[in-house]
Amino acid sequence: MQNNNPCGLDGFAFLEFSGPDRNKLHQQFSEMGFQAVAHHKNQDITLFKQGEIQFIVNAASHCQAEAHASTHGPGACAMGFKVKDAKAAFQHAIAHGGIAFQDAPHANHGLPAIQAIGGSVIYFVDEEHQPFSHEWNITSPEPVVGNGLTAIDHLTHNVYRGNMDKWASFYASIFNFQEIRFFNIKGKMTGLVSRALGSPCGKIKIPLNESKDDLSQIEEFLHEYHGEGIQHIALNTNDIYKTVNGLRKQGVKFLDVPDTYYEMINDRLPWHKEPLNQLHAEKILIDGEADPKDGLLLQIFTENIFGPVFFEIIQRKGNQGFGEGNFQALFEAIERDQVRRGTLKELS
């Protein structure tokens with residue numbers, strides 16, 4: 001393995017979810033275009049696929065997934081990282097501060113793993129080590145197109161105030177993640193700081209969010225989720241208009257965006273060439289730099305899907321940012337949603 005990529009990282013392998021009601025998770029993923037392609041032979045564990053995305057819904061009892069659901073409610077209880085050599089990556093992780101994780105025997109993934117944020121787990125996956133590799137009953141071996149979601153783009157972690165350096169150090173010391181973006185967002189009433197980390201392979205991105213006050217959406221998440229964890233999951237598409245339209249038809253609800261946002265797009269990005277009426281109709285956000293060479297990014301955020309967790313749909317047209325130009329508009333949109341739900345009082 002290369003020194004700059006000591007664990008031989010090569011992207012996301014899977015995300016694992018658990019919750020008090022696994023039927024709701026199954027229904028939600030089906031509405032998003034995922035298909036159940038395999039079931040565990042002996043446990044209540046289901047594998048969903050769409051494009052290259054693999055979601056595992058783990059409803060087994062007396063295991064880490066159940067414990068995570070008991071603490072946090074529905075959410076992402078584990079993530080799998082693709083690596084060149086799972087055993088070597090695990091050994092490197094342990095030598096650099098990682099804490100080994102071993103699940104209950106009946107729910108063992110058959111993968112080396114370490115403890116991660118908020119009681120979650122990071123599994124190491126290679127060609128030899130696959131999750132529950134010999135325990136699946138395959139029901140659908142065909143590729144699943146679904147709503148055109150293709151891959152996991154990034155996972156955003158919400159952390160307690162004062163813990164950003166701790167988790168940045170965790171990813172840096174074990175995996176050699178580097179800071180690739182830093183944001184300081186101020187809404188009308190609340191604020192947050194975000195530090196985006198990127199893996200040496202360039203395929204894993206993990207922004208860390210930390211609140212600047214007691215009332216922000218980050219603090220609301222930490223309170224409702226009963227701790228730190230994965231706040232949102234960003235999924236790639238090659239045609240965001242088609243994907244979002246399909247998701248809306250299947251009942252997925254997205255954050256509203258003020259009409260004034262679309263009145264400003266041509267001034268912000270005069271070169272963009274996107275169909276403005278379609279952007280407006282689907283409430284899709286657009287971002288880019290002054291120089292067209294840096295490309296565009298199209299994105300949209302769902303409302304909270306289960307608990308305080310939500311999804312982002314993103315299409316990258318050459319831009320590798322996170323929609324920094326949209327953060328302010330999005331932050332204020334979420335503040336409006338907080339006011340509507342009564343968790344934040346509007347300033348008079």
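Backbone N, Cα and C define each Cβ position, glycine as well.
Quick look at what Swiss-Prot lists:
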type	residues	note
BINDING	His154, His232, Glu312	Fe cation binding site
DOMAIN	11-141	domain 'VOC 1'
DOMAIN	151-303	domain 'VOC 2'
Neighbours of His154, His232, Glu312 excl. site residues, C-beta within 8 Å of centre, Fe cation
Asp153, Leu155, Thr156, Pro207, Gln231, Ile233, Ala234, Leu235, Phe301, Phe311, Ile314
Which chain-mates of His154 (Fe cation binding site) that are at least 6 residues away have a CB under 8 A from its CB, listed by sequence?
Ala196, Ile204, Lys205, Ile206, Pro207, Ala234, Phe322
